[in-house]
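What TrEMBL says about this one:
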- Gly106, Glu107, Ser108, Gly109, Ala110, Gly111, Lys112, Thr113: ATP binding site (BINDING)
- 13-253: domain 'Myosin motor' (DOMAIN)
Amino acid sequence: AFHWQSKVNIQHVGVDDMVLLNKLNEQSIVDNLRKRFMANSIFTYIGPVLIAVNPFKDMPYFTNKEMELYQGAAQYENPPHIYAVADNMFRNMIIDNESQCVIISGESGAGKTVEAKYIMGYIARISGGGQRLQHVKDVILQSNPLLESFGNSATVRNWNSSRFGKYVEIVFSRGGEPIGGKVSNFLLEKSRVVHQNQGERNFHIFYQLCTGADEKLKTNLGITALDYYSYLNHSGCYKIDGIDDAKEFKQTL
């Protein structure tokens, strides 16, 4: 297919929307998802629901080009994408003047946290506003590293697993500009502070602080090596491949 807006060829693999499958059963759904996943098509619709299969690698589908492609387009004009869901939600809010809600669900490691980031990043880009409103957008987006540092940890299934539930509210003006927001946290896994299973870590912030703090801060706080602390050393896991705790600490600050 040739898309009029992107001027690029779009490869169709399997069925974009599984309500159109000839035989709608568990096996046909799994087969279609597998076929699309093997062709790097990680998003698939089933009616108004978007199914995302985590590729566990960076994909080239989340650039400004994709944002422009999906902005203002009908859902079925383009291949399935999280940006299509976000744009549809935003347009419905503006047109119908009604609050919208996106529920992101899945097992640990499915990519819920990342998808939420993509939605917020898309909304921040397409909504208007001047310098004051840009500050609101920045605060909303920059809250993610802070929440992840204190609420996420490495488990055997997911190196950045959210150990709490999160409900994010973004308030918009009648013109569609974000003017405020609220993040509600619940069901925090407090027991992880004092006990972690073998091969898992405590919350990220402890490792970030021990490895990323400068000497002055370490001296003021009396911080020493990671293996000194009982709450950090009995799981046998200090460092995770792909995570730079010192770098993450700077983002947290």
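Positions of Cβ are set from backbone N, Cα and C atoms, glycine also.
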For Ser108 (ATP binding site): intrachain residues, at least 6 apart, with Cβ closer than 8 Å:
Thr155, Arg157, Asn158, Ser161
For the binding-site residues listed here (Gly106, Gly109, Gly111), tell me which residue's CB has the most neighbouring CB atoms inside 10 Å.
Gly111
For the recorded ATP site, whose residues are Gly106, Glu107, Ser108, Gly109, Ala110, Gly111, Lys112, Thr113, find every other residue on that chain with a C-beta no more than 8 angstroms from the centre of their C-beta atoms, and list them by sequence position.
Asn54, Asn158
Relative to the Cβ of Ala110 (ATP binding site), which residues of the same chain, six or more apart in sequence, are found under 8 Å away?
Ala52, Asn54
Taking the Cβ of Glu107 (ATP binding site) as the centre, count every other Cβ atom within 10 Å, in any protein chain shown.
9
Looking only at the domain 'Myosin motor' (13-253), what is the model's average confidence as pLDDT?
89
